[in-house]
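According to TrEMBL:
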- A:62-112: domain 'NADH-Ubiquinone oxidoreductase (complex I) chain 5 N-terminal' (DOMAIN)
- A:128-417: domain 'NADH:quinone oxidoreductase/Mrp antiporter transmembrane' (DOMAIN)
- A:6-25: transmembrane segment (TRANSMEM)
- A:81-99: transmembrane segment (TRANSMEM)
- A:111-129: transmembrane segment (TRANSMEM)
- A:204-222: transmembrane segment (TRANSMEM)
- A:243-267: transmembrane segment (TRANSMEM)
- A:273-294: transmembrane segment (TRANSMEM)
- A:301-327: transmembrane segment (TRANSMEM)
- A:333-350: transmembrane segment (TRANSMEM)
- A:371-390: transmembrane segment (TRANSMEM)
- A:402-422: transmembrane segment (TRANSMEM)
- A:490-511: transmembrane segment (TRANSMEM)
- A:593-614: transmembrane segment (TRANSMEM)
Amino acid sequence: MDYVFLIPMLPLLSFLIILFTRPIYKKAGIVGTLFTGAAFLCSLIVLFSHFAEGNYIVEANWFSLDTVIITVGLEVNPLNALMLVIVTLVSFLVHIYSMGYMANDERYATFFSYLGLFTFSMTGLVLSPNLLQLYMFWELVGVCSFLLVGFYFYKPEAKAAAKKAFIMTRIGDIGLLVAIFLLFWQTGSFELDVIFEAAQAGDIAPSLITLIAILIFVGAVGKSGQFPLHTWLPDAMEGPTPVSALIHAATMVAAGVYLVAVTYPLFSVSEVAMTTVAVTGGFTAIFAATIALVQTDIKRILAYSTVSQLGYMMLALGAAGYTAGVFHLTTHAFFKALLFLAAGSVIHAVHEQNIFKMGGLSKKLPITATLFLIASLSISGFPLLAGFFSKDEILATTYGDGRYVLFAIGLITAFLTAFYMFRLYFLVFSGNSSTEARESPSVMLIPMMVLGALAIVGGYIQTNWFGTFLGDWLETTPYSITFVHHEAPFWLPILASVLSIGGIALAWMMYVRKTTSIKESNERTGLHELLYRKYYVDELYQVVFVKGSRVIAYFWMYVDRFIIEGGAAVITGAVKRFGQAGVKLQSGQVQTYGTVAFSGLVLVLLLIAVLGGYF
Amino acid sequence: MNDSFLLTILILSPLLGIVLLSIMPGDHRFINYMGVLGTVLPLGLTLIVFSLFDRSLSGVQFKEYHQWFELMTSISPNEPYTVAYDLGVTGLSVLFLMLASLITFLASLTALRIKESAKGFYILFLLLEVGILGVFASENLFLFFLFFEITLVSMFLLVGKWGGFNREKAAFSFLIYNGIGSILLLIVIIVLFVEMRTTNITELTMLLKDTDSLEFLSGSTRTWLFVLLLIAFGIKLPIVPFHTWMVRVHVEAPIAVVMIHAGVLLKIGAYGLIRFGVGFFPEQLKEMAVALAILGVINLLYGAFIALVQTELRSVLAYSSISHMGIVLLGVASFNTAGLQGAVFQTISHGLIAALLFLLVGVLINRFQTTKLEELGGVASQTPLFAGFLLAAGLASLGLPGMSGFISEFLAFLGLFEAMPVIGAVGVLGLILTAVYMLRAVLAVTFGERRTLFDNNRDLTAVELVPSAILLSIIIWIGVYPQVLSNTLQLARTLGIGG
């Protein structure tokens, strides 16, 4: 496994080559795709050698602080081997797709260089065996996200969204940073294994572990768009759609979930921290799902869906469902990336993002429509597709963990998910259309097909019928994580299927048959308006934090300008006046000079007389 | 006693440029290039010192010692006070020397644009360099003070003559504040000299660390001396509320001078605080650590908040400098290896980043004739290279990992969290604010709608690109491999603290 280092290095090379060789401009896509493809191959090899050889870690000295040596390294364990495959696969597919989607963009090469930088950072993050290194890459993926959200920098919305993405996630990052500081002074190390050992040996006070775990979770909340730091993620849809698929659906936003999974030994020691994770996740899941019910922008619906699904994963992790969380992360990466790529294909064809202005596209874009349908069914938890299994696993875990309220929330969310996904699907694809649209080129369709296949079969890595391959494999982690496996009650898959199909059916009645009395009117009132306005969270933040900090800033600025500068002006003025008094003496009049000289002489004589003791 | 004359040659090397410039006619077309050449020699010599510096040894290297003059006093007629010409470098000062001559060289390139009495400008510029190099190479407080004063005089003239609209006000403000700082510093030096009979820095550090020397200096005297030293260097750093002069200089001085000012001159404050404050009065520093940390947090947040609402890029950067210097104070206050190392790293790192940012501001002024944020916008579409560098510099400034700012802030806060976690928790808010004001300012310039007003502007020219690329490379180099600084620094050995 000594070539693990190639996995981050290849995308980095791709970034550097594209950055420094402007002449190959039009070939940037091919260069990027080849390098990422190679990285994907390496990840596959690493995955299979992990099956054979087990865990792997290599470290080198990076920096020394007194006697503490801070290392950098690469670690392969089940969790990050899986993440590596997901990241490089989705990145590779998005690279191919972007060759079509971005073909006419002026900054084609820049786009691919950013993708390379992102893939480097994300794989680096995943491979980190210590928290400092993880944090560094954590910030780097944030910057890549920032750069790509702001890719259309000339659009004021993109500028605002990029800034927001960076700042909101940084608020979370500070939590993680403080957690790292505290852990270092508790354990004297950034190394995960040392930290976990100390935590489980009881070397850290329980209350402190809870605090640290929650601080780490704050970092995860920022990155994974969990309530209350979720507002940046829907805005991040200003970025090009392939980016939304790669960064804001499949990989980077899942890094928060990954972070909780990585530091799971810390969380599992603290009941309070676990509950915090579960409740935040469950709340975010239903909160975002309700918002997604009424949005009209195709990408924003998917974005809220992502927020909701990430909440689902957090819920699983908080309910002691390590396997369930990681499993849903995996299947979600496939179907959500596909949803975004398919949405991109639609946008590419019709240059429109409002779903109420689309319709009947299944005839114009048959392949895109089919793939979108597969992904929608999968995310809705339609029986036997990937999402069905992972969602069931989460529900079973929550139920088994005795968190019945959260379990109920999970069920409702599942229903809402099916509804809003098919609201979207039917509005975009069913009915008749008058708009001109051409199916996307195969360079865009083929990556989508690969994801479509995975969205169908991806769930079979962990089922109660064929085997819990994923769960068994994850248990080979080098760290001590307690794996709880709850057998789902027999009625659960049935109930989940009913809810899923029920949601689809309701959407069908409302938007295809239009038979129900419930209709979505253009006049939004009451609850509808509240949901459409996303519970006014943005407005609240605008008033409290943005305006609030500006008020503080202006206060200090006026203090600076009037009190401090004023004080300074007094001093400066005094010095000046003293100087000017001196200048006046230099009048050129001999009489003045004479007076001054004579006064001085008298003074000196007096001093001598007094001090010399002549009196 | 004398290892070599390398340091003397180094300090005096800018004089060669001064001599050549003064014999050239003022309107010669190569006068600016001559000025640049004048800074190349010191840079080369510093590189030699930097590479010859033996990182495996502790203590002062390249020592030079000559007795300068003696003072007879009536108090002790048999033991004259000796003032020496005393040079030498430690790991700490080697790094600052390197920073100084590099940034001076790069700044001199920026000054190629200066047309008005370029001869006088470059002569003073090189004189300033003599002062700066001398400050960092002095092993002796009197000499340190002498060179420190040289920088004051030359800065005063550079700001006052070649500055912007309010240049004279800025120059006076500079002179008065720094003059007060100098007086306080002089008092400290004289008291130490009278009581300890030496002004050699290393000797003083050793003597004062020895607790038996309490007979020379009582605890309370030391406290007062430390406070005076803190104010003297605090004005330079600057510590709020002594900062107004520095904002003026940032806004008014010519860009090349601001690069040196923000990149090197202000760093004398940090250097002095670490070398003398930490070196001479460790006990007093420990006693006042909490107060110092609170000052640091105030600096950090005060600067950040005000930077948030500035409408002009240079002011944003000026307040940003105040904010970043707060982190230096935090590192010093934590008084452990991580914190002190963080403080030194932050000083160096901010020197490089500030120089890069102001270099780019210079380009902005040259192309767009404005630094007002509301008048700018969308320059990324016309000058992508410039926009890329500005964004990179902004990211470096807000502490992006992989660049020098991150490891510096990380270490400083790591240290602080061991010593004073609560103050640390307040301080980290500054890191969020930094991101907010930095992105606000940088994106206001580069992102947004394209302004046709600025059409047909040239992107970075070679003479701008090369210095920017050099600075950015070093910033990234330190960020990726920070050992490059700590290898030379050997902080524990230099200051005799830590493990």
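The backbone N, Cα and C atoms fix where each Cβ goes, and this holds for glycine too.
Unlike curated entries, TrEMBL annotations are predicted automatically.
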Helix, strand and coil totals (DSSP H, G, I; E, B; other) for the domain 'NADH-Ubiquinone oxidoreductase (complex I) chain 5 N-terminal' (A:62-112): 29 helix, 13 strand, 9 coil
Considering the transmembrane segment (A:6-25), which listed stretch of A:81-99, A:111-129, A:243-267, A:333-350 counts the most C-beta pairs under 8 Å: A:111-129
Best-contacting stretch, by C-beta pairs under 8 Å, relative to the transmembrane segment (A:111-129) and drawn from A:204-222, A:243-267, A:273-294, A:333-350, A:593-614: A:243-267
Folded-back contacts onto the transmembrane segment (A:593-614), same chain, C-beta under 8 angstroms, at least six residues removed: 585
Per Cβ pairs under 8 Å, the stretch of A:81-99, A:204-222, A:243-267, A:402-422 packing most closely against the transmembrane segment (A:273-294): A:402-422
Intrachain residues whose Cβ lies under 8 Å of the transmembrane segment (A:333-350), provided they are six or more past its termini: 86, 90, 93-94, 97, 100-101, 241-242, 244-246, 248-251, 254, 298-299, 302, 305-306, 309, 358, 361, 364-365, 368, 371-372, 374-376, 378-379, 386-387, 428, 435, 437-440, 444-445, 447-448, 451-452, 454-455, 458
Same-chain residue ranges lying at least 6 outside the transmembrane segment (A:243-267) that approach it to Cβ under 8 Å: 79-80, 83, 86-87, 90-91, 94, 97, 115, 118, 122, 125-126, 134, 138, 141-142, 144-145, 148-149, 151, 172, 176, 192, 195-196, 199-200, 209, 212-213, 216-217, 219-226, 233, 236-237, 273-274, 277, 299, 302-303, 306, 310, 313-314, 317, 322, 325-326, 329, 332-334, 336-341, 344, 479-481
